[in-house]
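> Annotations per TrEMBL:
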- A23, P24, T25, A26, S27, G28, K29, T30: ATP binding site (BINDING)
- T25, A26, S27, G28, K29, T30: substrate binding site (BINDING)
- 48-51: region 'Interaction with substrate tRNA' (REGION)
- S112: site 'Interaction with substrate tRNA' (SITE)
- R128: site 'Interaction with substrate tRNA' (SITE)
Amino acid sequence: MSQSKPLESTFAPHTPTILALVAPTASGKTELAIELATALDAEIFSIDSLSIYKHINIASAKPSQKALSQIPHHAINMLEPSEHCSAEVFCTLFAQALQACQKEFLLIVGGSGFYLSCLYEGLSAMPRLSQEEQAGIEERIRNLASPYAFLADIDPQSAQSIAPSDTYRVQKLLSIYFATQLAPSVYFATHTRSPLIPKPPIYTIHTPKPELHARIEARTKAMLDSGLLDEARFLLENYGRSIQPFKAIGLKECLDYFDGELESSELEPLIATHTRQLAKRQATYIRAKFPSAQVESSEKLYDRIMCEI
């Protein structure tokens, strides 16, 4: 079985100067990114796992149509809701954005520190399988009594890094095992990664907890007032309940509401609670992964970035 070819990491002469703004959800990073892009005449590359989808505008808190028309954005409205979003998808889109960018600056913006790190740390080439080989592996995985338990048995390290409910990643890791007979953690440790860019300057927004929680509550209310339930119903009726976006906060609660598992009065507070928990996880990851990141309030961060470039 051959290996898929790593993404090309040779930079073209016109490669833009790259800055990264990564911060928890509802911290104001989209607004700050728009201000910076306007001042710098920059383009924006989004690393948001919902904004990448078409037809998901409210749940993703996607930039306004005005902002999208005034500032070139990459990796927004690129996938149908039935398609799967992954680090590989973002890396492919970023490689395309590097070639397409016409401005001096390209801002990487989002809440996922993982996707950001994949751009400068790279991804290992995945085993390239024929359709028959892939179908055979998928059948073996379906026949397992508990795919996650099997993964934990063959590779505890990989199993500890994901939730048992993350069926996509469980299947991906087991596919590597059945294709190579290597534990996924061993496979990744022994296969060269191909970074797309050097590590860029990284900035993150500090928002006091009470302010962040207030912003989350206000945004949750605004989403519901703007038609979040209608957006979720459109997705359910046109793409079904098994699509990846229905695992996202905001949409998964709407699905529970449609199923009668939630009362209407429970919807807003539950979405807000789950969003606060997500923001905490994102902040923890960002602190651990990017200890040298510049951390300031949104206003001070704007001034710092404008002074440093």
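Yeah, the Cβs are placed from backbone N, Cα and C, and that goes for glycine too.
TrEMBL does not curate its annotations; it predicts them automatically.
Walk me through the surroundings of each of these features.
Residue environment of A23 (ATP binding site) contains 29 other Cβ atoms, counted within 10 Å of its Cβ in all protein chains.
Sequence-distant neighbours of T30 (ATP binding site): residues of the same chain at least 6 apart with a C-beta under 8 Å from its C-beta are A61, P63, V109.
Long-range contacts of the region 'Interaction with substrate tRNA' (48-51) within its own chain (CB-CB distance under 8 A, at least 6 residues past either end) are made by residues 59-63, 75-77, 85, 109-112, 115, 245, 248.
DSSP assigns S112 (site 'Interaction with substrate tRNA') to coil in the three-state reduction, placing it in neither a helix nor a strand.
All protein chains included, R128 (site 'Interaction with substrate tRNA') registers 13 other Cβ atoms within 10 Å of its own Cβ.
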> Which residues in the same chain, at least 6 apart in sequence, have a Cβ under 8 Å from the Cβ of S112 (site 'Interaction with substrate tRNA')?
V22, I47, D48, S49, Q282
> Fewest other C-beta atoms within 10 angstroms of its own C-beta: which of the binding-site residues P24, G28 fits that?
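Ranked by other Cβ atoms within 10 Å, the binding-site residues P24, G28 bottom out at G28.
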> How big is the gap, in Å, between the Cα of G28 (ATP binding site) and that of R128 (site 'Interaction with substrate tRNA'), rounded to a whole number?
40
> For T30 (ATP binding site), what is the secondary structure state per DSSP, taken as helix, strand or coil?
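T30 (ATP binding site) sits in a helix per DSSP.
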> Under a criterion of Cβ-Cβ distance under 8 Å and sequence separation of at least 6, what residues of the same chain contact K29 (ATP binding site)?
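Non-local contacts for K29 (ATP binding site): L21, V22, A23, V109, G110, G111, I205.
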> Determine the Cβ neighbour count for S27 (ATP binding site): the number of other Cβ atoms within 10 Å of its Cβ.
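Cβ-Cβ neighbours of S27 (ATP binding site) within 10 Å number 25.
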> P24 (ATP binding site) to R128 (site 'Interaction with substrate tRNA'): how many Å between their Cα atoms?
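With distance taken Cα to Cα, R128 (site 'Interaction with substrate tRNA') is 35 Å from P24 (ATP binding site).
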